[in-house]
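Asker: Residues annotated as topological domain 'Cytoplasmic' in Swiss-Prot: 1-12, 69-158, 280-284, 334-395. Marked as transmembrane segment by Swiss-Prot on the basis of sequence analysis: 13-33, 48-68, 159-179, 201-221, 224-244, 259-279, 285-305, 313-333. Residues annotated as topological domain 'Extracellular' in Swiss-Prot: 34-47, 180-200, 245-258, 306-312. Taken from Swiss-Prot, the feature phosphoserine covers 362. The phosphothreonine feature in Swiss-Prot is assigned to 375; the stated evidence is similarity to another entry.
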């Protein structure tokens, strides 16, 4: 195997280890914070932290279990019996099991001098599912936890060391999950245009900078009006859920479980953009961007008209320039990315190759694993991929 290929396999293995470590670190900091809140008599805060952890974990296990049930028979040849897998998911260990399975397969293909096409495709299959689950966990648990911690700090006027650790790990975890998910989507495209270092940095930064003002706006509103933030989230979430439902998603293995995906996507859209339907994304992205921006402006107007100071005595005017600066810088970097670094800007499809023709069959002629869930999403995110995949094979 060429050194470049072995280097790519090693890079994927290291990224898998780092992703799993980041998940465990984030989980540990959340549990640490919950214990500290309980010891300090802040039982409501501790209960909120644990509730967010529990809800996100249950959703993650449901996704994982439904996907495992729908995977082709015999695909996961060395996995435990179905009853053991069901028990693992019931104990909230299904996601960690998948992480271990991915790392084991990644180590296997890296150690082989000439890994088979099946082993390589199976490693990609596992990594793509992990990437999707990590994204769901990020917006179901990490982003709400980050908002909660910021609201607690702003309301109390104190910042404990474990809270700073939680904030740092949350921001990095969210941006990492978005970057890893976007990188995974690119591997599903016909020409497999991987993210370079420059485009990775730009993509990482614009997601971080645009997410920060949104989280800050909701956190400040929560600190000033803790009794109304749940109503605000529920009202906005229902509108976003209706929008997702009207787009007719078909991501899950069967229609009866599609609701889980739709409610999760509606939660993601509360914080960030996520494309769920076929067709050109620019119009939908602009509508969502304007909707979220209008909501954040209304939150800011609510602060200004009701109070100029937080309960902790911190003037709100100190936070507004920070949020605005991050927003405009993130918006500029987003425009740079989509104008010069997006795959559609330098699309170089192979006209002799149809999407899937390369990856569905091995040289020996047997079927290779293909993660149709992520391939479908990649075609939604990058419409040109579907257009090029539909080209007839020449020759």
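A Cβ is built for glycine as well, from the same backbone N, Cα and C atoms used for every other residue.
Burial and contacts for the listed features, if you can.
Answerer: Within the chain, the transmembrane segment (13-33) has long-range Cβ neighbours (under 8 A, six or more residues past its boundaries) at 49, 52-53, 95-96, 99, 102-103, 106-107, 110, 127, 130, 134, 137, 141-142, 145, 149, 162-163, 165-166, 169-170, 172-173, 176, 180.
Residues of the same chain lying 6 or more positions beyond the ends of the topological domain 'Extracellular' (34-47) and with a Cβ under 8 Å from any Cβ of it are 53, 148, 152, 160, 162.
Sequence-distant neighbours of the transmembrane segment (48-68) (same chain, 6+ residues past either end, Cβ-Cβ under 8 Å): 27, 30-31, 33-34, 37, 76, 85-86, 89-90, 92, 94-95, 98, 129, 132-133, 136-137, 140-141, 144-145, 148, 252-253, 257, 260-261, 264, 373.
Long-range contacts of the transmembrane segment (159-179) within its own chain (CB-CB distance under 8 A, at least 6 residues past either end) are made by residues 19, 22-23, 25-26, 29-30, 32-33, 36, 134-135, 137-139, 142-143, 145-146, 149-150, 152-153, 195, 200, 203-204, 207-208, 211-212, 272.
Beyond its flanks by at least six residues, the topological domain 'Extracellular' (245-258) meets 62, 66-67, 69-70, 265, 276-277, 373, 376-377 of its own chain at Cβ-Cβ distances under 8 Å.
Averaged over the topological domain 'Cytoplasmic' (280-284), the predicted model has a pLDDT of 79.
If you look at the transmembrane segment (285-305), the same-chain residues 6 or more away from its ends with a CB under 8 A from one of its CBs are 213-214, 217-218, 220-221, 224-225, 232, 236, 269, 273, 275, 316, 320.
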Asker: I'd like the per-state residue tally for the topological domain 'Cytoplasmic' (280-284) from DSSP, helix first, then strand, then coil.
Answerer: 3 helix, 0 strand, 2 coil
Asker: Work out, from DSSP, the number of helix, strand and coil residues along the topological domain 'Extracellular' (34-47).
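Answerer: Helix, strand and coil residues of the topological domain 'Extracellular' (34-47) number 11 helix, 0 strand, 3 coil.
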